[in-house]
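Per TrEMBL, the features are:
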type     : residues : note
COMPBIAS : 83-101   : compositional bias 'Gly residues'
REGION   : 81-119   : region 'Disordered'
TRANSMEM : 112-139  : transmembrane segment
TRANSMEM : 145-163  : transmembrane segment
TRANSMEM : 170-189  : transmembrane segment
TRANSMEM : 195-213  : transmembrane segment
TRANSMEM : 225-245  : transmembrane segment
TRANSMEM : 251-272  : transmembrane segment
TRANSMEM : 321-343  : transmembrane segment
TRANSMEM : 349-366  : transmembrane segment
TRANSMEM : 378-398  : transmembrane segment
TRANSMEM : 404-422  : transmembrane segment
TRANSMEM : 443-463  : transmembrane segment
Amino acid sequence: MTVGSEAPDRVALTVHGPAGAVDLLVPLGASAADVALEYAAQAGLPGTPALGTSAGRRLDPDAPLAAAGVRSGSLLVVLDLGGPDGPDGPGGPGGAVGPSGPGRRRRTRPEVAATAPGPGAGAWTGVAAGLAGLAGWSAAQVDGALHQASVVVLVVAAVLGVVPVGRLAAYRVLAAPAFAAAAAFAVVWQPDLVLRPTVVGVTALVAALAAAVGRALGRAQEEALRVWVVVGTAVFVVTVAGALVGAPTQLVWGVLLVLAVLAPRFVPGLAVDVPDQLLLDLERLAVTAWSARERPAGRRGRTIVPQAAVAAVATSGARTITAACAGVLLVVAVAAPSLLSAADVTVDVIGARVMVLTSGAAILLAARSYRHRPARALLRLAGLVCWAALGASMAPALREGAGLALAVAAVVVAALVVPVAVATGRGWRSAWWARRAEVAEGLSSALALASLVVASGFFRSLWESIPDV
């Protein structure tokens with residue numbers, strides 16, 4: 001076929017719809033349904049649309065184009081994405097109320113609306129996971145029959161959570177690793193500070209295994225379960241490796257805290273994964289019988305990306321980022337207080353406090369670049385957890401020292417911060433504030449990494465190894 005040549009038994013058409021305009025070279029004997037199928041295939045639509053003329057007259061799907069009065073150069077439009085009898089058509093249960101288009105309103109299926117979980121189901125899942133952790137801690141503090149009964153209840157809850165049965169199975173499977181980890185924590189708990197990293201590592205491994213089982217049994221919440229597996233495995237590797245090489249306890253907690261500080265900077269690039277077929281449509285580069293014109297060599301054809309595919313990629317990325325930020329919060333909540341409690345020498349204590357302070361600042365500054373509200377809130381909470389742990393660690397010393405002076409200084413600084421915050425408002429979005437925030441975030445991350453040398457006790461060991469001259 002050459003450009004401009006047209007066989008007498010074919011007509012050139014243009015179909016215009018929500019996915020754009022597609023030019024087709026159609027046999028005269030083809031029906032409107034054949035054209036709709038080809039348009040849906042090239043545009044990536046989930047269903048077969050109903051076609052009509054530019055005047056709004058609906059075409060009979062079974063009638064030939066010649067009988068419908070369609071000639072070469074005619075313009076056809078998509079009237080209903082789901083067809084006249086499909087789920088999106090006027091006769092379907094989810095049919096459109098008004099004319100078709102991107103802004104049309106749809107009726108909601110009553111049976112779906114009645115059984116769909118509410119928007120707070122995810123928040124209640126987090127509450128359930130927190131209660132599971134509290135139950136595991138309480139079970140570890142008791143002995144005898146009560147301890148065994150608590151462990152059995154937690155194990156049963158984890159098993160029921162991974163079973164993909166029921167309306168809320170997708171939300172139960174998110175909390176199942178927390179219940180499994182709580183049961184493991186209650187079994188392997190040891191009060192010795194030296195053994196706590198190993199206890200946390202075994203607990204994280206059990207959570208990762210429970211998430212892997214839930215992911216194998218069902219595909220719901222795959223992104224969050226993948227984060228459970230990655231975070232649990234990483235914590236297990238760090239803690240067990242530290243135990244095998246005999247690393248100091250504060251070094252293990254410091255490494256976990258550093259990983260939590262660096263994760264917000266790299267997670268967005270790993271979470272949003274665009275499939276190759278959305279970037280390059282090889283099928284549209286080939287010349288077929290349905291092509292209205294040739295594709296010149298060396299030029300890319302027009303690639304139509306369905307809105308559903310874009311929404312799927314965005315939704316998957318948002319779930320991954322939210323789950324990763326929840327993992328950062330969990331790691332910070334364990335590593336920061338443990339690092340402060342493990343440091344017992346004066347030099348190590350100073351390094352640990354500086355590291356926790358700068359880590360909280362780095363996480364808070366990293367949260368400003370997140371536009372997804374749940375992820376941003378989780379990162380801000382993680383930064384505040386660092387500072388809360390630091391305040392709790394310094395509270396006994398402040399009672400004996402200059403606690404009053406520090407309290408007065410904190411009140412004065414807070415009084416200055418409030419009007420500055422009100423004046424700047426959304427200042428992070430301006431170029432001037434964004435540059436300063438980026439510099440502050442980089443400095444905070446660098447100071448957190450540098451403080452690890454002191455907080456882990458390596459600097460003190462190196463200093464003590466120097467012989468006196």
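Cβ coordinates come from backbone N, Cα and C, glycine included.
Only sequence-distant pairs (6 or more apart) were considered; of these, at least three Cβ pairs between the transmembrane segment (378-398) and the transmembrane segment (321-343) are under 8 A, so the stretches are in contact. Counted over residue pairs separated by six or more positions, the transmembrane segment (349-366) shares at least 3 Cβ pairs under 8 angstroms with the transmembrane segment (251-272), which defines the two as touching.
Residues of the same chain lying 6 or more positions beyond the ends of the transmembrane segment (225-245) and with a Cβ under 8 Å from any Cβ of it are 173-174, 177, 181, 197-198, 200-202, 204-212, 214-215, 251-252, 255-256, 259, 320, 323-324, 326-327, 330-331.
Proximity of distant same-chain residues to the transmembrane segment (321-343), defined by a Cβ-Cβ separation under 8 Å and at least 6 residues beyond the stretch ends, is recorded for 126, 193, 196-197, 200, 223-224, 226-228, 230-231, 235, 248-250, 253-254, 256-257, 259-260, 263-264, 267-268, 271, 349, 351-353, 355-356, 359-360, 363, 370, 372, 374-376, 378-379, 381-382, 385-386, 389-390, 392-393, 455, 457.
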